[in-house]
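Heads up, the thing below is written out as structure tokens.
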Ligand SMILES: Nc1ncnc2c1ncn2[C@@H]1O[C@H](COP(=O)(O)OP(=O)(O)OP(=O)(O)O)[C@@H](O)[C@H]1O
Ligand SMILES: [Zn+2]
């Protein structure tokens with residue numbers, strides 16, 4: 001007798017089908033790939049499925065995340081996806097969770113319930129977390145991702161294959177900080193600057209809650225040049241006048257007048273081009289056209305079609321309106337995260353970048369252009385997701401059917417190579433030097449007389465090593481506890497005090513061996529601390545050189561710049577060796593909050609991903625940026641006859 005799964009049984013055999021029905025599968029991410037994967041699993045006969053996704057459905061998801069409809073916009077992806085796939089097989093037992101896989105709810109015990117994990121994520125940080133949990137639980141993990149026409153599926157299994165962190169992860173495409181802050185020459189530089197401004201003004205606690213990065217505090221300062229010591233302070237009294245008139249005028253004056261005055265004073269920058277001219281808001285508002293277009297911001301935003309280039313005055317008007325609205329929203333929500341799909345946030349970045357472009361004689365851009373450049377959108381292609389998800393299912397069935405030795409990584413190319421679009425490669429062995437899957441020792445070189453415990457924890461352990469809730473032990477003493485879960489107020493206050501201490505004054509001295517653990521990730525690594533002054537020397541030298549020929553006004557930027565210098569090095573980490581990517585002193589990328597962040601998946605590419613290259617990618621990259629770095633030869637072991645393919649490069653990239 002035939003049933004709906006008879007084809008499956010015929011193809012894979014009764015035994016394999018039984019294993020499929022008995023297996024428990026965890027799908028992480030219900031976006032572009034996740035929707036396809038869920039549908040494939042249910043149609044193939046998988047019954048026991050958990051799905052986790054932290055997001056709600058956005059209108060922009062509907063073109064490819066086909067389980068979702070217009071009436072689902074605003075609802076949690078995981079829950080809607082569950083209901084949708086139940087229609088394919090109402091007998092399936094699906095648990096859907098609207099949550100972040102990095103939280104304690106999805107701990108090692110939770111992972112251990114499954115036979116297989118399928119990751120359909122879109123960011124490195126969550127992927128690293130899932131990688132660690134799967135290694136700890138001994139669970140096979142199918143990693144997948146797409147970027148435009150490119151895609152990849154690979155399998156990770158403890159002790160048998162390389163893990164997600166065995167090799168260096170993408171280093172984001174960066175722009176020199178000085179170009180962004182002082183000397184933009186292309187629209188993209190102004191867009192990156194505008195995103196940074198968004199983060200500074202409205203990021204609040206979501207910017208890390210660090211007062212140092214709070215642009216509003218900075219803005220209280222009306223000194224535009226000089227120093228107290230030298231007694232040559234120049235003040236911009238107008239800034240205080242504007243402050244009296246309200247927030248939006250104050251912000252406008254600070255970023256488009258005071259700051260521009262500072263830049264204009266840097267003679268060296270303007271030897272070969274026209275210096276920027278500070279803007280006067282009153283002059284702009286007095287212009288006739290403003291009266292003609294004096295509509296409320298909301299109306300204006302709605303009426304102007306995305307593709308229309310706003311006039312300069314329209315940009316100013318939109319900027320003022322959005323600044324006010326975003327400030328209110330930020331206060332209510334304790335900080336905002338920049339979201340290209342949020343009308344007001346996008347309009348703010350678009351208008352701010354256009355105003356800056358005008359100041360520096362750079363062409364302005366439409367909101368449509370800004371949206372794609374701010375996210376360097378590689379359109380997500382439903383077909384790519386479908387192909388990759390099909391491969392995810394194929395690999396899943398091999399694993400569940402006990403044919404792990406037949407698994408391989410597969411790359412989807414844009415152009416056929418020897419009439420093939422799909423390039424299978426055999427799985428790589430684990431990297432013996434990997435600090436994650438081989439628990440190799442690592443060494444951290446930094447100035448222990450200068451760096452605080454807080455900076456060490458936040459920048460090195462959390463950002464660079466992706467340890468979410470670090471617990472530090474030296475000898476037998478627990479010296480720092482990262483997570484907030486079990487701590488009371490007093491303990492949290494105590495921790496804050498510890499974070500303010502200099503490392504060297506708190507057991508983290510030259511020669512200390514510190515054990516770093518994250519119970520949630522079941523992660524453990526031993527780190528040797530090595531004190532060095534070498535990075536300070538580098539920084540000092542650079543400063544001396546710069547000071548020789550640059551105006552003193554530029555010194556105001558020094559503190560910020562110092563943060564971008566290389567100040568530590570990790571030896572032995574396979575993924576994030578140091579903040580070395582900032583070696584050229586002045587490179588930056590911004591996160592979705594607009595803040596500088598080097599462990600982030602949201603980067604801006606000046607040029608698109610070379611299409612001839614195969615990607616080790618993230619999940620769908622429709623709206624986010626994709627970056628490419630770190631190309632390593634893709635050794636084609638599976639099929640040796642094609643020399644073209646063996647030259648192909650694989651890239652780890654994320655969107
Ligand atoms: N830490 C996490 N925990 C749970 N789900 C996550 C986590 N990080 C990302 N995701 C989910 O992974 C999915 C990735 O899918 P996809 O790349 O299609 O993203 P998207 O946000 O739907 O689309 P786009 O970014 O193109 O607008 C998203 O639905 C996202 O919510
Ligand atoms: Zn590894």
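The backbone N, Cα and C atoms fix where each Cβ goes, and this holds for glycine too.
The feature ATP binding site is assigned by TrEMBL to 29-34, 53, 61-64, 77, 122-127. Among the features that TrEMBL reports, Zn(2+) binding site is placed at 163, 166, 434, 437. According to TrEMBL, the feature compositional bias 'Basic and acidic residues' maps to 541-568, 646-655. Under the heading compositional bias 'Acidic residues', TrEMBL lists 595-604. According to TrEMBL, the feature compositional bias 'Low complexity' maps to 617-633. If you look up TrEMBL, you'll see 445-535 marked as domain 'Ubiquitin/SUMO-activating enzyme ubiquitin-like'.
TrEMBL feature annotations superimposed on the structure.
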residue : record              : Cβ contacts under 8 Å, 6 or more apart
53      : ATP binding site    : 28, 29, 30, 31, 34, 76, 77, 78, 81, 97, 98
63      : ATP binding site    : 382
163     : Zn(2+) binding site : 131, 135, 156, 430, 434, 436, 437
Cβ packing number for residue 166 (Zn(2+) binding site), 10 Å threshold: 22
Binding-site residues whose CB lies under 6 angstroms from ligand 1, from 32, 125, 163, 434: 32
Number of other Cβ atoms within 10 Å of the Cβ of residue 125 (ATP binding site) across all protein chains: 17
In sequence order, those binding-site residues of 122, 125, 163, 166, 434 whose CB lies under 6 Å from ligand 2: 163, 166, 434
Tally of DSSP helical, extended and coil residues in the domain 'Ubiquitin/SUMO-activating enzyme ubiquitin-like' (445-535): 29 helix, 28 strand, 34 coil
Across the domain 'Ubiquitin/SUMO-activating enzyme ubiquitin-like' (445-535), average pLDDT on the 0 to 100 scale: 90
Residue 434 (Zn(2+) binding site), number of other Cβ atoms within 10 Å: 21
CB contacts for residue 122 (ATP binding site) [other CB atoms within 10 A, all chains]: 27
Spatial separation of residue 125 (ATP binding site) from residue 166 (Zn(2+) binding site) - C-alpha basis, Å: 15
In three-state DSSP terms, the structure that residue 63 (ATP binding site) belongs to: coil
